[in-house]
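Annotated transmembrane segment per TrEMBL: 68-86, 98-119, 139-164, 185-204, 210-236, 330-352, 372-390, 411-428, 448-466, 535-553, in sequence order.
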C-alpha cells in the first residue's frame, strides 16, 4: 500500500518509479475493456438514432438531425472538460469511475424511453399519425443523451492516459517503443469496438426491436464499470495536482501584468520563481514574453516566508510557464488534423451515394448503405497490427537496424491519405452522376444506377489509413511533447480537434449550399443526380492540400520532436538506429 508521501514523490520525480506490485501490462485488459464496452454501447446508439427519433418521437428530419449533431458535439467536447478536471482535481481513476456511472445511468434512461410507452409520444404502427412529444418526454430524452455525453467524457478523457500511466517509465530506453505500441493497440481496440457497434448493435435494433437494441448497450455499460473496478487494487493512481487550468490562466494574467518589465540578459535561479523540488531552474528561450510571468521583481514583496508566491496571479513558477509554452507549441501542428476529420465526416453523404448504387456482393446478399462505414474501421484495425508487427520488423530486418517513422512523418502521411480520399470520392461521384444522367435518372434521386457501390471503398480505406497515421501519431505526439502533469490533456487534444471538426464541417457544408444554390441547383442538392457532389469533394481536396502546406510550415517552425530526438540519441550510441529525420 502506497503512502501519501510516496504518491507525492511520484508526482515530483521526473521519471515514474512505480512499485513492481502495481501497474504493468496486467492492468491493461481491464482499462481497455472499460473504454471498449463504452464505445460499443455509445457508438451502437448513433447510426439508428435519427430513425428512432423520427419513428418513435415523431420528429422532423431536420430537428432530429440537430439533436444528433448537438449530442455528437457534446460527446466530443466533454472529454476536454473531463481532462482538465482529472488532471487538476479528481485524478484519472476517479474520473473514469465517475464517467462509467453517469454513462450507465444515461443509457438506462434512454432504454426506458423504448420500453415504457408513456415515456414517448404515441405513433401508429405505420408512423402516419404521431402525437407531438410532451415536455416531460423530451426532458427524459435529452437528460439521457446528456448523461451519456457526460459519462463518455469522463471515460474517454482519462482511459488512454491512465493506461499509459501503468506503463510509462521515462528512464527506460524502451519506453518510447512500449508507448507507441500501446497507443496503436489502444486505437485498434476502440476501432474494433466501433466496428462491433455498427454491425451487431445496429442489427439488434433493426431486427429485435428498440427495447433489445437499447438494452444490450445498458448491459455492456454495466460490464464496463464492473471490469474497471475489479482491478482497482492493481492500478497506479497518480494524485491530481493543484488546478492545472488555474495555473495556466495565472501565467497569462501574470505575463500581461508584467509586460513592461525587462527580462534579464543572463538567466539565473535568483531571478525566476522555482517550485520546490522542480528540475526546471530557468525558463526556455522560446515564447520569451511568457517568461515575465515568473520573474521575481522584489523578493520581499513577491515571496512569502516559505518561498511561495504572495500573489500567484502576479508571479508564477517556471513549471507553469513551461506547461503553457508546451501546450501553445503543439496546438498549431494538432490543428492541421481538423481538416482530416472534416473529410472523414463526409461519410454521411457517402451513405446517400451508396444508396443510389448497386450494393450487392452476391446475387442474394447486399450491404446496407449505413454499414459501409465498417470498411473504414476494418482498414484501421488491419493496418495497425500490420504496421506494428509486420511492416516495421520487416523493414528493420532488411536494413539490419531498427527503423521507424517519426511522429510528424506519420501525421503528414495521414493528411495526404485524407486528401487522397476526397480526390477518389470526386472521381467516383463524377462517374456515378454521368451514368445516372445517361440512364435518364436525373429526376429520380432514389433510383439505383448500374454501378457497384464497392467503388466508394477507396474513401473508407484511405480515410481509415488517415485516422491510423494522423490520429495515433497526433495522440502520441501530444503525449510525448507535453509534460507528464498534462498527460490527460495531451490524450484529449485530438478529441477537441474532433469537436472543432464537427463545427467546421457544418460551416463548410452550409456555406457551399447557400452560395452554390444562388445560381440554380446546389452542389449538395437533395437530388445527387442534379447536384455536383464531385465539385464539393474537389473543394475539400483543395482545402486539404492547403492544409498540408500549413502543416509543413508548422513542422518547420516547431523543430524536432523531443521523443524522437531522445530515442535517436540513445540508439545512435549503439550505432543501430535509423529513422526519418523529423526536423
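The backbone N, Cα and C atoms fix where each Cβ goes, glycine too.
With a cut-off of 8 Å between Cβ atoms, the residues of this chain six or more beyond the transmembrane segment (372-390) that come close are 180-181, 184-185, 187-188, 191-192, 194-195, 198-199, 344, 347, 350-351, 354, 453, 456-457, 460-461, 463-465, 467-468, 472. Between the transmembrane segment (210-236) and the transmembrane segment (330-352) there are fewer than 3 Cβ pairs closer than 8 Å, counting only residues 6 or more apart in sequence, so the two stretches are not in contact.
Of the two recorded stretches, the transmembrane segment (411-428) does not lie close to the transmembrane segment (185-204), with fewer than three CB pairs under 8 Å once pairs fewer than 6 apart in sequence are set aside. Most Cβ pairs under 8 Å with the transmembrane segment (139-164) belong to 68-86, among the candidate stretches 68-86, 185-204, 330-352, 448-466.
Nonlocal intrachain contacts for the transmembrane segment (330-352), taken as residues 6+ away from its ends with a CB within less than 8 angstroms of a stretch CB, comprise 369-370, 372-373, 376, 408, 411, 414-415, 418-419, 421-422, 425, 456, 459-460, 463, 466-467, 470-471, 474, 477-478, 481-482, 493-494, 497-498, 500-502, 504-505, 508, 524, 528, 533, 537, 540, 543-544, 547-548, 550-551, 554-555, 557-558. Residues 34, 38, 41-42, 45, 52, 56, 82, 90, 137, 140-141, 143-158, 209-211, 213-215, 217-218, 221-222, 224-225, 228 of the same chain, all 6+ positions outside the transmembrane segment (98-119), place their C-beta atoms under 8 angstroms from a C-beta of that stretch. Away from its own ends, the transmembrane segment (185-204) comes close to residues 32, 35-37, 39-48, 160, 163, 212-213, 216-217, 370-371, 373-374, 377-378, 380-381, 384-385, 388, 467-468, 471-472, 475 of its chain (Cβ-Cβ under 8 Å, at least six residues beyond either end). Within its own chain, the transmembrane segment (535-553) is flanked in space by residues 333, 336, 339-340, 342-343, 346, 411-412, 415-416, 418-419, 422-423, 425-426, 429, 508, 512, 516, 523-524, which lie at least six positions past its ends and keep a Cβ under 8 Å from the stretch.
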